[in-house]
Amino acid sequence: MPSPGLLVLFGSQTGTAQDVAERLGRDARRRRLDCRVQALDSYSVVNLINEPLVVFVCATAGQGEPPDNMKNFWRFIFRKNLPSTSLCQMDFAVLGLGDSSYAKFNFVAKKLYRRLLQLGGSALLPLCLGDDQHELGPDAAVDPWLHDLWEKVLWLYPVPPDLGVIPTGVPLPSTFSLHFLLEAPRMCSEEQHGASTDPQGPPSEQQPFLAPMVTNQRVTGPSHFQDVRLIEFDITGSGLSFTAGDVVLIQPKNRASDLWRFCQALGLDPDQYFTLQPREPGVPCPAQLPQPCSVRHLVAHYLDIASVPRRSFFELLACLSPHELEREKLLQLSSPQGQEELYSYCNRPRRTILEVLCDFPHTAGAIPADYLLDLIPLIRPRAFSIASSLLAHPLRLQILVAVVQYQTRLKEPRRGLCSSWLASLDPGQGPVYVPLWVRPGGLTFPETPDTPVIMVGPGTGVAPFRAAIQERVARDQTGNFLFFGCRWRDQDFYWEAEWLQLERKGCLMLFTAFSREQERKIYVQHRLRELGPLVWDLLDRQGAYFYLAGNAKCMPADVSEALASVFQEEGGLSGPDAANYLARLQRTLRFQRDHRFPVTLCHICVPCHKVHGLGSGWRSARTRAPGGGGPQPAQALPASILESLSNKLWALRGSF
């Protein structure tokens, strides 16, 4: 029986699902199967009825949402008018990637699997549920599932006996070939490639808008441990439009020092130019790369050499290594048995691709340039909540950026690629342009003028709520309640003067928690408990919407627990009823959370009526900060503040 074409479709938010999909593609080619690997939204879904063999690799984003690059497919596949025999000719398999500490663990993969069966598809094997909380990560489920998958596929479509399986240690042909030019082209505007200060259409990832940076101001005190920046861009002529809750995506670049180290390790000339040619027909060249392109541009703008490498990186690097000892070590790190060692070597200390290449110098120096784009992932854009409203700041876009820098056991501090790059830009020294575009965010605010909103945004989590408050105030929407928390009033109280001015005008009610200004730490969840009667009244009697954003690990769980406590104490609900009440708020979008923050969404478990946060598994425990411990009980608000608050509420009761 002739082998069919295997189609691998992926929906990926952070790149993990794409990495697994590409691994599937490599494994298929080793078994002599023609294979295409595509993002779901780049595939013409109407052709699905003609596909005999499809593997879907899907992550779950946010609270059960499909990743951005499969949303169009998601809407199509769930059309009610699709016949139940649409996919009767298809054999399929679904591999899901998720985190079991989230309420809707692998929701997208589970729902897709059921839908494919409804449309007549035949499942080759049961659904695979990769779990990031497992001690070995998703591979604990993925590795045995792939073994079973290939047994099924090869039983249906055996490898031709005259060819055989390509051994693991033999590198597959590279996706592209790089042809170096003898001399640089006379004219090349690669720095502006794809991006424009005068876009012909709406700015996008393929054509970002080069936004002039207007200001780059540090807004934390000089003695504060973290550098936080308020950055403003001029978007005149961009065609950009956004509302509260939307996000801006920014395409960063690597540091010049890292570029030079990389080129030195691989023996590359940064000033040499090349053209890129796909080895197989139908494979497009990366849209982000100009033709011709310099090595400098490739490394600075495309190759994510500052990211932590995945297992697939070590697999390919081992194939390319001519050095026996280095090759042996790389094979160990890429093997199923070596995953704990790989975690200790790479993930725990956050060792970067560049640092790994420097640790394996003989291998790095022998990497063929053709394999660079197979070996190293592209730099992904970073999303930031927009912190301003066009109604308050026309033709401007502002973001609040916490510069990421921390220490592991490695000598060199770990730095966030995008935040560090943005912090290094100084528009006072000359024109600075940043490639960006806008997309809808995960928060939507009510348009009715009399619907109150409760916003809980500690730290930089307050950014989307500043945009929302500016927008609502400009539209004369009242009932704005903000719970803000930080360490010190005089160090990291973002937009203090603005909040206080809005309070004096009666446009805002502000509740603060400064965690380090008293013996026992006070957080926003403590203020929610103290103001339980107000919170319950707003939610239950006035139909308020509740919003949560922030990047503290335990904060979402603590806020959920505080709300459950308020529901029981002020609403007289039982534990199960309080859990169901919160779940109903979530279903009706009256409880929303910004899911872009890298924290585990915590949820109330209906069966045991408790709030759960990070998984209790060993994988979570080993990444937990030393010293741990939950927050200490809060001190009660002084009577004078409570009395003042009561007076404010009475004065404003007619406004919301």
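Just so it is clear, glycine is given a Cβ too, placed from its N, Cα and C backbone atoms.
Per-residue confidence over the domain 'Flavodoxin-like' (6-150) averages 92 (mean pLDDT, predicted model). Among the features that TrEMBL reports, domain 'Flavodoxin-like' is placed at 6-150.
Per TrEMBL, FMN binding site is recorded for 12-17, 59-62, 97-106, ASP132.
Residues or ranges marked as domain 'FAD-binding FR-type' by TrEMBL: 206-447.
Counting Cβ atoms from all protein chains shown, ALA383 (FAD binding site) has 18 others lying within 10 Å of its own Cβ. For ARG350, ARG382, ALA383, PHE384, SER385, GLY416, LEU417, CYS418, SER419, the entry in TrEMBL reads FAD binding site.
The NADP(+) binding site feature in TrEMBL is assigned to THR460, SER515, ARG516, LYS521, ILE522, TYR523, VAL524, GLN525, ASP558. Counting every protein chain shown, the number of other Cβ atoms lying within 10 Å of the Cβ of VAL524 (NADP(+) binding site) is 28.
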Exercise for review: Go through TYR102, PHE105, our binding-site residues, and report the one whose Cβ sees the most other Cβ atoms within 10 Å.
Suggested key: TYR102
Check your understanding: PHE105 (FMN binding site) to THR460 (NADP(+) binding site): how many Å between their Cα atoms?
Key -> 27
Revision key, fill the gap. Taking DSSP H, G, I as helix and E, B as strand, the domain 'Flavodoxin-like' (6-150) contains 58 helix, 35 strand, 52 coil
Check your understanding: Counting every protein chain present, what is the number of Cβ atoms, excluding its own, within 10 Å of the Cβ of GLY15 (FMN binding site)?
Key -> 17
Practice item. Among GLY15, ALA59, ASP99, SER419, these being the binding-site residues, pick the one whose CA is nearest to that of ASP558 (NADP(+) binding site). Key: ASP99
**Study point:** Distance from GLY15 (FMN binding site) back to ALA383 (FAD binding site), taken between C-alpha atoms, in Å
**Key:** 14
Study note, to complete from the structure: As a whole number of Å, the Cα atom of GLY62 (FMN binding site) is distant from the Cα atom of LEU417 (FAD binding site) by 23
Review point. For ARG516 (NADP(+) binding site), which residues in the same chain are close in space, meaning a Cβ under 8 Å from its Cβ, but six or more apart along the sequence?
Key: ARG487, TRP488
